[in-house]
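Chemist: In case it helps, TrEMBL gives these features for our protein:
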- 26-475: domain 'Major facilitator superfamily (MFS) profile' (DOMAIN)
- 80-98: transmembrane segment (TRANSMEM)
- 110-129: transmembrane segment (TRANSMEM)
- 135-157: transmembrane segment (TRANSMEM)
- 169-190: transmembrane segment (TRANSMEM)
- 202-222: transmembrane segment (TRANSMEM)
- 283-307: transmembrane segment (TRANSMEM)
- 319-341: transmembrane segment (TRANSMEM)
- 348-370: transmembrane segment (TRANSMEM)
- 382-403: transmembrane segment (TRANSMEM)
- 424-444: transmembrane segment (TRANSMEM)
- 450-471: transmembrane segment (TRANSMEM)
Amino acid sequence: MVGGGLPAAAGGSEFEAKITPLVIISCITASTGGLMFGYDVGVSGGVTSMPDFLKKFFPVVYRKTLQGDNNNYCKYDNQGLQLFTSSLYLAGLTATFFASYTTRRLGRRLTMLIAGVFFIIGVILNAAAQDLAMLIIGRILLGCGVGFANQAVPLFLSEIAPTRIRGGLNILFQLNITIGILFANLINYGTAKIEGGWGWRLSLGLAGIPAGLLTIGALMVVDTPNSLIERGKLEEGKAVLRKIRGIDNIEPEFLELVEASRIAKQVKHPFRNLLQRRNRPQLIISIALQIFQQFTGINAIMFYAPVLFSTLGFGSDAALYSAVITGAVNVLSTIVSICTVDKLGRRVLLLEAGVQMFLAQVIIAIILGIKVKDHSDDLHKGFAIFVVIMVCTFVSAFAWSWGPLGWLIPSETFPLETRSAGQSVTVCVNLLFTFVIAQAFLSMLCHFKYGIFLFFSSWVFIMSIFVWFLVPETKNIPIEEMTERVWKQHWLWKRFMDDNVGGHIAMSGNGATKNGHVNGA
């Protein structure tokens, strides 16, 4: 799923720490950031299937839905309708570049506050929209909020949390995105029944609740010690570290943060450093994972689940109800990932899910190819239920694999000096391809028809081959040992891991003396 990934811990050391109330408040703040993003993803598909919304903003699409003889697959094919959904991601992509600067210069907390303000203004414009321009502008402002939140909230969380719960918090953020999607589907199901044509306004307006919570949360919390130290506020950083850890003996962790900050500052051009030969494996894998994550077809399913089910012949209520079911499966399956990712490992989950997603999509394509013709009015009830089951099978596989792991793996593989730049590239590539899929999906559905699922299943096959050969296992390996125990042991990537790094600092294992067994490939 789209969303933020948490950069992993700065090192493999385990420092003494308690889980303090301040850390719990930070978790709640992260939850509202994830809920906000998830709600934005889920609500757009619901309102675009509401007749009153279509009648006001997209009358051409509305007229198509009323024509009984219209092509089932093409009745929602409209660039303006797709722009309503995808403009958020294009705005988020642009905002990420500015957010990278504010996160570094102004701090994580202030960047979260900026995100909250963008969200609130965007929600107001959307809920009060009188024409398409006002609607799109509101959506763009929400996108700016997404860009700032996805850069700051995950980074804030990973830096403020004790090392032992950082991994769980990574997937917890993804979990909150899925909960946001589920809430949006439930609210859409309720507001679709409102008489008088204003249900869609309520759906869009209720996004103000997580937006307000994110803003209030940003005002309540302190900035991270890492951010304060990075900006030269050493004493303040030390005081905050003592406060969030709940102990007096914070000197070892404080000294490591100061040293990490000093070393990172020696790299003047992190983006240029990212392109060096020894960083290519991480860069290639991170970019590929983001592209593949979108080409599983998950966002096409989640954005347009109500529209998709309407296209398949479900009634409007049944379509929203089915979307609620898939949303619930998404949440539960993400919990499965939290419980299994550090036991089974990343590769096992990705490869198992590849088989499950491939089979589910091929089966859906076969059913639709046989049963849903261009002008048929209904999908037989038994087949309709089976399609929902297959969609849930697909969603569950994604939610315990490509959803969280598409973010987790990049966040734990980049060395310290390129981690911020690597995170920015990861977010940008993800939002770019989210935009591409969101803008193109309904047109692809119109032209490919049931073949859209064969298109995505072929990509699932390709990405599974990529994982099998090129993605190493990274579970339970400290960050500073990643080079020695992962990259230098991989059949292909070890060729990029020459020890001569041209005088640049190599933090990710060049100083490590431990060697582990081969974990990947």
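Using the three backbone atoms N, Cα and C, a Cβ is placed for every residue, glycine included.
Worth saying up front: this structure is predicted, and the values here are computed from it rather than measured.
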Chemist: Would the transmembrane segment (135-157) and the transmembrane segment (348-370) count as touching if the test is at least 3 Cβ pairs under 8 Å, pairs 6 or more apart?
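Modeler: Counting Cβ pairs under 8 Å, fewer than 3, so no.
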Chemist: Flag the pair the transmembrane segment (424-444) / the transmembrane segment (80-98) as in contact if three or more Cβ pairs fall under 8 Å (sequence separation 6 or more).
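Modeler: When sequence-distant Cβ pairs are counted, the transmembrane segment (80-98) touches the transmembrane segment (424-444), since at least 3 lie under 8 Å.
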Chemist: Go through the chain and flag residues at least 6 beyond the ends of the transmembrane segment (80-98) whose CB is under 8 A from any CB in it; none is fine as an answer.
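Modeler: That would be 2, 40, 44-45, 48, 54, 57-58, 61, 118, 132, 135-136, 139-148, 150-151, 303-304, 424, 427-428, 431-432, 434-435, 438-443.
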Chemist: Near the transmembrane segment (450-471), which residues from the same chain, at least 6 beyond its ends, have a CB less than 8 A from one of its CBs?
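Modeler: Here the qualifying positions are 284-285, 288-289, 292, 295-297, 300, 346-347, 350-351, 354-355, 357-358, 361-362, 364-365, 368-369, 372, 402, 409, 441, 444, 492-493, 520-521.
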Chemist: Quick check for me: are there 3+ Cβ pairs below 8 Å between the transmembrane segment (319-341) and the transmembrane segment (382-403), leaving out pairs under 6 residues apart?
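Modeler: When sequence-distant Cβ pairs are counted, the transmembrane segment (382-403) touches the transmembrane segment (319-341), since at least 3 lie under 8 Å.
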Chemist: Can you tell me which recorded stretch out of 110-129, 202-222, 348-370 has the most Cβ pairs within less than 8 Å of the transmembrane segment (382-403)?
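Modeler: Maximum Cβ contact count belongs to 348-370.
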Chemist: Across the domain 'Major facilitator superfamily (MFS) profile' (26-475), what is the average pLDDT of the model, as a whole number?
Modeler: 84
